[in-house]
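What follows is a short report on a single structure.
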Amino acid sequence: MMSKLGVVLTICLLPFPLTALPMDGDQPADLPALRTQDFEPERSPWFDPVKRCCSQDCRVCIPCCPY
């Protein structure tokens, strides 16, 4: 009986491998520190209001100005 169950599971899972499912690790990386708080780049000391981007320290201030 167990061997029949194994054959059925193998036949069912063979065309649909578990790697086809999207995993959390496949998601693009983002900045978790900025997600957990209300981040306002306009209040950052590096934010340039004319260009509407951050001129320095792009690790903590987004959007970053192109050089």
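Every residue, even glycine, has its Cβ placed from backbone N, Cα and C.
Spatially close to C53 (disulfide bond) yet at least six residues away along the chain are F47, P63, C64, C65, P66, judged by Cβ distances under 8 angstroms. Residues or ranges marked as disulfide bond in Swiss-Prot (evidence: similarity to another entry): C53-C65 (among others).
For C54-C61 (among others), the entry in Swiss-Prot reads disulfide bond, with the evidence type similarity to another entry. Around the Cβ of C54 (disulfide bond), 20 further Cβ atoms fall within 10 Å across all displayed protein chains.
The feature disulfide bond is assigned by Swiss-Prot to C58-C64 (among others), with similarity to another entry given as support. There are 15 other Cβ atoms within 10 Å of the Cβ belonging to C64 (disulfide bond). The secondary structure of C64 (disulfide bond), as reduced to three states from DSSP, is extended strand.
The feature 4-hydroxyproline is assigned by Swiss-Prot to P63, with similarity to another entry given as support.
As annotated by Swiss-Prot, signal peptide applies to 1-20.
All chains included, 20 other C-beta atoms sit within 10 angstroms of the C-beta of C61 (disulfide bond).
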